[in-house]
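As recorded in TrEMBL:
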BINDING   Ser14, His73, Gly149, Phe150, Gly151, Gly152, Asp182, Gly183, Gly184, Gly204, Ser205  substrate binding site
BINDING   His39, Asp41, His73, Asp182  divalent metal cation binding site
ACT_SITE  Asp41  active site, proton acceptor
ACT_SITE  Asp182  active site, proton donor
Amino acid sequence: MRTLPGSGHLIAPSILSADLARLGEDVDKVLDAGADIIHFDVMDNHYVPNLTFGPALCRALKDYGVCAPLDVHLMVEPVDALVPQFAEAGASCISFHPETSRHPHRTLQMIHDCGCSAGLVFNPATTLDYLRHVMDQVDLVLIMSVNPGFGGQRFLPVALDKLRTARAMIDESGRHIRLEVDGGIKADNIRAAAMAGADTFVAGSAIFGAQDYRHVIDAMRAELLPSRINCSGR
Ligand SMILES: O=C(CO)[C@H](O)[C@H](O)COP(=O)(O)O
Ligand SMILES: [Fe+2]
């Protein structure tokens, strides 16, 4: 099965804010600057009021030579038909919002059957209750810290409580499940998200909007040092 790196903090730049006219080069540049995985936001102008990328672009990045894991965030409804297409296009992890699938259990199973890791995404107002019933099927839990649909929005602090709750549920399960946070993450709030339990950090505008990607990624990593987050190096 294709997986995300197993341990440590992961920085996941979202290509939503990349230079789309030079996407391959820009992705290479952000990986050279120290990014771990690439976050790929798929929006359908139906579930969210914006329209972005499909499987063809995912395949194009792989064909261009991007080896880093692709972390596909589906903001589409319905979701199932796109799962095999993104798997064939080279996705490592495919995440979806439970309310976009009539049968989230079946969709998670389908993602695994296609050879990818599976993630479930929770909006600021979506209950984590879904998670209790499918904990043994998820490899990643993604907590939205903005409402989905656009890059460049402000981090919603309400996400911190949700991260704490999700972290407790994950720890209680005893499974290795990544806890990702997505939306408005910057060097000045990444530490709060890590202290609330996140281990995987999506950042679009904060990284691709900067002149020097390495400078921003280094600043984020500095905030994630165990001595800064005062925990034993999750
Ligand atoms: O899923 C998303 C929006 O729906 C994006 O991943 C997210 O917003 C990243 O962009 P930024 O860091 O600029 O907020
Ligand atoms: Fe996203």
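Glycine is no exception: its Cβ is also placed from the backbone N, Cα and C atoms.
Just so you know, TrEMBL annotations are computer predictions that nobody has curated.
Computed from a predicted structure; not experimentally measured.
Proximity to ligand 2 at the level of Cβ atoms, with a cut-off under 6 angstroms, picks out none of the binding-site residues Gly149, Gly184, Ser205. Across the residues annotated as binding substrate (Ser14, His73, Gly149, Phe150, Gly151, Gly152, Asp182, Gly183, Gly184, Gly204, Ser205), the two Cα atoms farthest apart lie 16 Å from each other. Checking each of the binding-site residues Gly149, Asp182, Gly184, Ser205 against His39 (divalent metal cation binding site) by C-alpha distance, the shortest gap belongs to Asp182.
Apart from His39, Asp41, His73, Asp182, the residues listed for divalent metal cation, the same chain places the Cβ atoms of Ala12, Ser14, Leu16, Phe40, Asp71, Ser95, Leu142, Val202, Gly204 within 8 Å of the centroid of those Cβ atoms. For the recorded site, His73 (divalent metal cation binding site), the DSSP three-state label reads strand.
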